[in-house]
Each structure stands twice: as C-alpha cells, then as structure tokens.
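A.B. asks: I'd like to ask some things about the structure below.
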Amino acid sequence: MTNSTSQAEIVRQSLKRRYRKERRFRAYGITAIALAITALVVLFSDIISKGHTGFLKTTVTLEVTFDPEIMYLEDATDPAQIRNADYLAPLMAALKREFPEVSGRSGERALKGLLNSYSSSEVKDLVVANPAVMGTTQTLTFVASDDVDVFVKHRDDSSYSLKLTEEQQAWTLALMERGVIDTSFNDVFFTHGDSRDPGHAGVLGAIVGSLLTMAVTLLLSFPIGVAAAIYLEEFAPQNRLTDFIEVNINNLAAVPSIIFGLLGLAIFINLFGMPRSVPVVGGLVLMLMTLPTIIISSRAAIKSVPPSIREAAEGIGASKMQVVLHHVLPLAMPGMLTGSIIGMAQALGETAPLLLIGMVAFIVDVPDGFFSSATVLPVQIFLWAGSPELGFIERASAAIMVLLTFLISMNALAIWLRKRLERRW
Amino acid sequence: MSTLNTSITTDTAQRETTTQDAVSMAKEKPAEAAIEYGKTVGTPFADDAKFCLRDVEVFYGDTQAIKGISLDIARNEVIAFIGPSGCGKSTFLRCLNRMNDSIDICRVKGRLELDGQDLYDPKRDVVELRARVGMVFQKPNPFPKSIYDNVAYGPRIHGLANRKSELDDIVEDSLRKAGLWNEVKDRLDAPATGMSGGQQQRLCIARTIAVSPEVVLMDEPCSALDPIATAKVEELIAELSQSYTIIIVTHSMQQAARVSHRTAYFHLGHLVEVNDTDKVFTAPEHELTESYITGRFG
Amino acid sequence: MQPANLLPLIVVLVIIAFVLGYARSRALAAPLGGIKHLKSLPFYYAARAAMWCGLPALLVLACWLGFEGKVIQTLVVGSLPAELQPDSAGKASLVLSQITNVASGALSADFVPPAIVEASTRLTNLQQSSQLMMTLLVVCIAVLGGFLAWLRIAPHVNARVKFETTLRRIFFACAGLAILTTVGIVFSVIFETVRFFGKVPMTEFLFGTSWSPQTAIRADQVGSEGAFGMIPLFVGTLLISAIAMVVAVPVGLMSAIYLAEYASPRMRGIVKPLLEMLAGVPTVVYGFFAALTVAPFISGLAAALGLQASAESALAAGLVMGVMIIPFVSSLSDDVINAVPQSLRDGSLALGATQSETVKKVIFPAALPGIMGGILLAVSRAIGETMIVVMAAGLAANLTANPLDSVTTVTVQIVTLLVGDQEFDSAKTLAAFALGMLLFIVTLALNILALHVVRKYREQYD
C-alpha cells in the first residue's frame, strides 16, 4: 500500500493525544469508585463517631441517707405516707454534702441539674419495695442527667453545644475527680425499652419488636415464596395468567415500600380492623414486600439445577412433584435460603411502611407477643433521630450500629451459606 | 473448535472460561514422541520477512500452549495455519497483534518482530501495532451501528481523514475492495446487524482494511458462513493478497489449498511443518502432516 | 386461647393426623400382603390426612383473625346508645379508640361517659368469647378434617395423585398472591382517592400550584380544607430525584465501566462487596446521615460562601439519596455492560482502538438501551424513596428549582398526613391516598417501561 507509511505516521502522531484521553477516562473511573467508597467510609465513621459513646453511660454514685425528717415523713412505716414522701430531698442532701459551699435557691437548682429527673422516682420505687431502708444510708448509683452525660462525654469536642453552666461544669469535673461521677458500660441501653429520658432509653423493646415482626415475615414469606417459585418454574403452563403473574411479581419488586404501608393501612387495619402498631400487621406488610425478592431469587436457584437431574429422576418414573420435592428443592435450597436471608435483611432495615401502620408510637414496655404494641429497630432510630436531645442522637447512632451489626451478620451468614453449600455443576 | 476462537462470548465469566478451555485442552493431550521440540520441517524461513518469529512460547498460567515456534512470514504472502482443534494456531495468530494481552494469565516468550521491531517491547505501542496488523474474527462482529459508521470507525479513531469527503472516500474505497460497495451503496445508513452473515463478514474485512493495515490476520473467517458466502470471502482474500500480508487460520484444508501460498501445520502447540501449499497437500514431509491431510485425525 | 398458641396446637394435631394416617395405611396393607398392594406409599396417605387436618383449620383461623376485629367493633359501636352513635367515620374511629383505651386501661374510666365504659366491658367480653369460639371451631375443624381423611384411607385410593394435586393448587395460590397484592394495592388507594376527588376536584389536585393541607384553623374559615395542588410536591420530588441522579448516574456508571473493563479480578473482588454494602445500608440510616451530618454541613458551607441555604435543603437529601442509588446504578450497568459480546470488544481493539475508545464508541452505545432501563429503575426508586426525605427534606411545599431551598415530596406528605391521629374522612387523610395513587402510577409506568427496555436489550444479544 503506497500511503500506508504516511498513515502509520498519522496514527503515531495521534497516539499522545489518545493516550491522554485514555488516562483521563481511567481517572474518571477510579474517581467514581473512590467517591463511592469515600461516601461509605464517611457514612460509617460518622455513625461510629456519633454513636460509640452511646454504649457508655454516665452515672452518679451518692451516699443517700433516708432521713424521714427531710422527706416530710411523719410515720416511716405508713405505706401511704411513704408513697407520697419527698424523694428528691435525700438526693439533694447527698449532693450538697459534696458541695457544702452551695446555698440559695438558684444554687440548689443548679445542683439539681446534675441529677436525672428519673432518679427520685427510682429512689421511691426502691423504698416502696423495701421500707426497711428508711433511716439508713445507702450507696446508690443513678444515671446522670442528659446534660451531664453530654458534658462528660464530649467536653473536648467543640461541635457539641453544652447545656451545663460553667458552675455546673466545674462541679461535674470535681465530682469526676472524686469518683462520684463515672462512666461505665451502658447496660441500660440493652435492657430497656424506650424512654423520655435518653439515659433510660434502650433498644431492647425495639429489638424484640423487630424479632417478632421478622418472625411473622419469615414464617409467611419463605414458604409462600418458595411455593410460588416452584409453581412458576416447574408447573406453570405457558399462558396469559402465568405471564400476568410474572409481570406482577417483577413490578411488585420495584414498587416503593411506602405503597405497601398504604396497603397495610387500608386493608389490614381499616378493612379487617386489625390493631395498629402490632408485629403481626407489620410482619404481614413486610411479608408482602419481601415476597417478590424471595420468589425471584428462589426461581433463579431452581433454574440453576441442571435438567439432567430432573430427567434422571423422571426416567425412573418419579412424578413431577416427586422430582421437585425430592431432587430439585434440596439442591436449590442453599440459593433459596441465601435469597431469603437477603430479603429478610431488607425487611429488617425497612421503615417507611411501618410508619403508616402505626408502629411509630412511643412504647416503653418490651412487647410480649405478636399482638402487643411494638416498634422496630429502624423506627426507633427514626424516632430518636428526630429528638432535640443530644443524648437521643447518640443513642440513635448506637442503635444504628446495633442494626448494622444485625444486617452485616445476616449478610455474612448468607455469604457463608452460599460458599458452604454452593454446588458447581 | 480451536483454542481461542471460542472467545467470542458474552461476559467476563465466559471470557475466563475460554482460557480455561485452552488450558485444559493443552493439558489433556501429551506431546507425542514424533515431534521434536522447536523443530519444524520444510521452509519456515524467508528472506524478505514481514514477521520474524523465533522460539515463541505461550503460557496460560502454568500450561504451555505454544511450544517453541520459529517462523518467518514474508511480505505480501498469504500463509494458512492449519491443524487439529486445540493445536494452538489461533493462540499463535493472536500473538501477532497482541490480542492475547487482554487475557490476564497469558504470557508470551521468545522473539517476535514486525519489520525488525520487537512486538513485545514494553515500549511498543499496542494501538499502533494493531493499526498496522488488523484482524478479522471467526464470527462476524459488526458493531451495532450503521454500515457507514462501522467502516468509518477505524479511520475516525485514528484521525485518518481530515474532512468528511475524505472519510467518504475511505469508506467507499474499503467497501469496494471488500466487494460490498454495489450491495450496500444505497443503504449505508442501515444498521450493519441487519445484513446477512456473509455480508457482515465482508463488512468486517472492509472495516479492517479501512485503516490500511500492512497485515491482516484472519481467524477462521469463513467458519460461520455458508458455502456461497465463503466463496465470496475467498475471492476477496485472493484479491487482497495483492496489497496485504495475510495470515489465515482455517479449519478447512480445501480453503488453505485455495487461498494460500504457504501452509503451516500445527500440532499440539508445535509447528510441525511449513511448506509451499502445493507441497504440503501433495507431498508432505512430516508423517503427522500427512496423517492430518489424509484425514486420519482432525 | 391466643392465636400464637393455637398455631403450635394445630401443628401437634397435624402430626397426630400424620402418624395415625400412616399407621392406618400400614394396617390396611398388612392383610393384603404388604404396602406394595396399596395404590400409594403410606407416606402419601398420611400426608393427605395431615393436610386435611391442617389446611381447613388454618384457613378458618386466618379468616377469623381477619374479620374478628371488624365484627366486634361493629357490634360494640352498634350497641352504643343513640346519642353516642357516631355520625361520621371520623367520629366512629374516635369513639372506638376511646373504648379500646378504656378496655386496655390506658384511659381511666372516670373521664368517659358510662356508656363507653359499658361498651368497653362488652368489648372485653366479646373478645374473650370470640377467642374461645375461635379455638373451639379451629380445633373441631382440624380434628374433623383429619378424621374424615383418616377414614377415607383405602388401598384403592391413589393418595399420591390427590395429595400432589392439592399441593400443586396450594403452590398456584401462593403464586397468585402476587396478583392479589397488586389488586390490594390498587383497591386500597383507589377507593380513598375517589372519595378524595369527591371533596377536592381532580383538576385542582393535578394542576394546583399550592399545597397546604394543614391550614384549616376554624371550620368556617375560607378554604378551611386547605389547598391540595400536588404540583409543588411533584416538582420537589423531581428536584430531589434529579439531584440524586446527578450524583448516582455518573458515579455508578463510571464505577461499573471501570470494574467491568479495567479492574483486575482482585480489585473487583474488593470493590464490588463494598458497593454492595452501600446498597445494604437501611434507608433510615441514610436519612439520619442526611439530616444530622450532610444538611448542617451544606448550610454551613453555603453560609461560608455567602449563600442562603435552608437547614433542610433539597441538596442534602438529594446528595445522600444519590449515594444510596450508586450501587443500584452500578450493578445494573455492570450486568448490561457484561452482556455486550466480547467479540465487539475484540473487533474494536483489533482495529487499534484504545480501551477508552472501545468503551466510549462501541460498548457504551451498544449497552445504552440497557443502561437507560437501569436508570429508569433508579429514577423510580428515587421517586419512591421515603425515609431520607422524611428525615432530611422539609414539609414546606415550595415551588422552586433552587437546590438550597427546602422542598417537600410526595412520600414525605403521605407519611406526614398518615402518621399520628387521623380523622378518617377528612380531605387531609384522603389526600395521602391520592398521593399514593399518583406515586403508584408513576413508579409503575417507569418500572414497566424500564423492564420492557431491558428485556428488549437482552433479546438483542441472546
């Protein structure tokens, strides 16, 4: 070719420019991945930095003397009087012993700010349960007030606005040195339900609520999903009805979750008159929501079983149902389980539909059954995230960590299952 | 099916299995005693060499697919690579424009020179190399674009045309050379995927020669075509041999006999014999070549 | 008996039916000379007995549980004296909640009329007797069903075929649940929407540019029902979704291209799970992040630049939503890009194209329809996303395109209108269902379109 040398020359000259473009394109790709991973890292570190202190509680340990006199008790043996006694007084007395110099109404009010408003009722419960403590001195540990808690945990962090006055801050520091104020592992967080006070709020109620809801979801969606997948893969005739079912499943998988909440509200609650805020209704709604996911992944698992297995079983005279139940189902089970666990993880993190069916109520008690009012972990996070108190924000972050731990373990389980039981054909 | 021709596949997973196939094929067949390593009978060397290849070895991971091949390919000759499935002829072909680069586990050793320049020199530019050494694949692979855009693709990326009219000329010229101009001149804007298989393959050839390469590699270009389309492509090859060096891998001995000047017989990664095509098919020197062309295996 | 305890009881009954059925089929087979003289294996006779024991009982239980609440409510409300009879659905729900609260002890009996207290006792009694009746009925049906099936065990009956037929029907019913769900969704929004359009003209809803359902202060106030023009909500939704797509599409697409075309298997092995992790984070966590970290950061940043930014800017919600959608876009694009045949890559590379030229000029155009389908699905997801916007976007229905302003979305309004105490007949509550209908139609249209585009694309390369 006569001009091929000159063409080779043209190609050579264009190379520099083209490789610059190539490098730029690669850089875009790397930047995109870096951005995505940065977002992930920022998200996780933000949650952890906000929430790790939620696993600690600040406590105040006081020598409380139950002096009937300051408690306005005339007869320390009369249960009625004990019920109505002043329980703040002995606490304040104990605090004042730490700071004898404090006097006056404003000083006392400032001191009182160190105590949790729930402390006096805790003392009351103790005394009512055990009137013998009257007149004695007890060493009692209380959860500190939210403001003290924030100050103790975040006094070096300028991004937190501290509500304690400088005087109160000085007292708190002094009490910390004396060991009166201390931090320890926040067991309350794991043993209590919700509360109006961050120091007394915990995730146990929400976790139990989530478990009950998930139990309903799993018990219904796994068998139904697997059965539907078997029908569609193995038995469904090629007709319009089958096509329609498939179109429905594919579309339901992409319907916004909140629509399922509307469905739950209109059908389960308004039409059937089921109670609001209960795990059964939540579970039913989430079941409908996860069903498409489970059906789709189960179908994929059934599809991956090679036809030779089916033919082998049919060849020795097994009925279609026997082929499915004896051969296809056991072989497809790992895939089905994996898909279901992933579907359950989605359901566990779901919030929006549950808001509509009333699982957003303030519930202190740990739910004790499928029909008792409950909330779930993500909704609890939503509720706390909306409160103005810093203590609740911290607990919301801590609850997120608990939720993510559950989700990551479920996904790890799914991966492990897949690795463990996966069969290569 | 020969080793790497199967790499016309749909996804990464399959891309990987392709190499595994090649690996397993090479593993299954132990070398026979009749072949001496690196030894080729016939006339592997030429004076006016376009490609000068010495002691070429190709590995897939730990498995050796090409076993010490030395060969010269002359300017403006048509050389056919023949041999049974899995003999390494396609692997060897793909070394010549470094299409093996995209396979991670593939390593090439030995001296491979094009016009006296090392092909595998780290400084060697693979883009420039491929502009000089074009390739036509087993299955026609037109881009899902118009006929015009398919042919214009190469000149456009290389900046070979300054004006639209120049580009038009290149496209027309290439389509004419590929014998396709009269069939498609009225529908240059039609999608290339709507053409017949034979037309698609000739379009791919037009696309390749639109960048004016010096060498055209053809990897079983007719295996997916019917006899009539095959005849047309073979005619085209004969015509192109006026201006290009053509290396063709083929499964069909008749095709090799019809189109090539020299024929190279590959066996289990060895280059057993290279001779003038007439000689190979009438009086092969090596007994393995004879067994193959007489149809004792294949 | 509690339904939760009733279930294990049914299971026990089913097991008993199975065991007895098995025993009987063997006993019947023994005089004939062994089980090979039965039409089916003993297992199938037993399974059939178990099925007849469990299935009707479970169905009755489900129906009872479904309708029990409504029936009792109607009975209780119906028995109230005339002056307390609610005249609207809103009043009815109020009275009902009073009664249930008294019954559960949440509301002291001192604060309500004696008739309500009486009603609450009736409620408690009815609930108790309902549970008792339910338990008796379910157990009776289970025992009867099991017994009849047990009686019908006979050597000539082909139990396997009958069992399999029933099982297949059950499987079909499970698959049909998908249709039922769709029908349920349509019905649950359509009735309330029709009622809503009875109060607010459809044209006002569809074309009105002002949304303020909460404005009614006095009943006689002009426009006491508030304004129900959905345009600002729709624009707000689109604004936030658009911001999200601006983040998610380039990042997701470029990550997918890099992972599919450039990355080593090792890098793919690390990056893909990380991206999947981003997809697994619950939306409430993203909402928390958007509301408490990103939104303050953006308003701070805007203030530093001398711009006015709302504390609940559309930008914050949109950015975080974009991050949430990145893995969605990238995994869908990844599938699509990998479906482009390798032969096209080879063809382009063999002509001397660089890798980026191959991607830009061959792979991307070839994959474009599939990528568009994926993006449509992502848009549908952004439009339907709820928690991020509930937590990070505002409630003010501003009609604006400024990303630093606060906007509200369709989903935010649905949640706001339906969470907390509702009057069931007010335009406010019904509006939520109308919005739900709108959301359902829009996302459904997007999904159908997207699935269609993706399927057409797949057919092209199959």
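We number each residue from 1, going along the chain as drawn.
A Cβ is built for glycine as well, from the same backbone N, Cα and C atoms used for every other residue.
All TrEMBL annotations are machine predictions without curation.
TrEMBL feature annotations, pasted as is:
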{"type": "DOMAIN", "residues": "A:207-414", "note": "domain 'ABC transmembrane type-1'"}
{"type": "TRANSMEM", "residues": "A:25-48", "note": "transmembrane segment"}
{"type": "TRANSMEM", "residues": "A:203-232", "note": "transmembrane segment"}
{"type": "TRANSMEM", "residues": "A:252-274", "note": "transmembrane segment"}
{"type": "TRANSMEM", "residues": "A:280-302", "note": "transmembrane segment"}
{"type": "TRANSMEM", "residues": "A:323-348", "note": "transmembrane segment"}
{"type": "TRANSMEM", "residues": "A:396-417", "note": "transmembrane segment"}
A.B. asks: Does the transmembrane segment (A:323-348) reach the transmembrane segment (A:25-48), going by 3 or more CB pairs under 8 Å (6 or more apart in sequence)?
C.D. replies: no
A.B. asks: Cβ under 8 Å to the transmembrane segment (A:252-274), counting only same-chain residues 6 or more beyond its ends: which ones?
C.D. replies: 280-282, 284-286, 288-289, 291-293, 296, 350, 352-358
A.B. asks: Take the transmembrane segment (A:25-48) and find every residue of the same chain, 6 or more past its ends, with a Cβ under 8 Å from one of its Cβ atoms.
C.D. replies: 397, 400-401, 404
A.B. asks: Can you work out which residues elsewhere in the same chain, 6+ from the ends of the transmembrane segment (A:203-232), have a Cβ less than 8 Å from its Cβ atoms?
C.D. replies: 189-194, 242, 245-246, 249, 279-280, 282-284, 286-287, 290-291, 294-295, 298-299, 301-302, 324, 328-329, 336, 340, 343-344, 347-348, 354, 359, 363-367, 369-370, 374-377, 379-380, 395, 398-399, 402
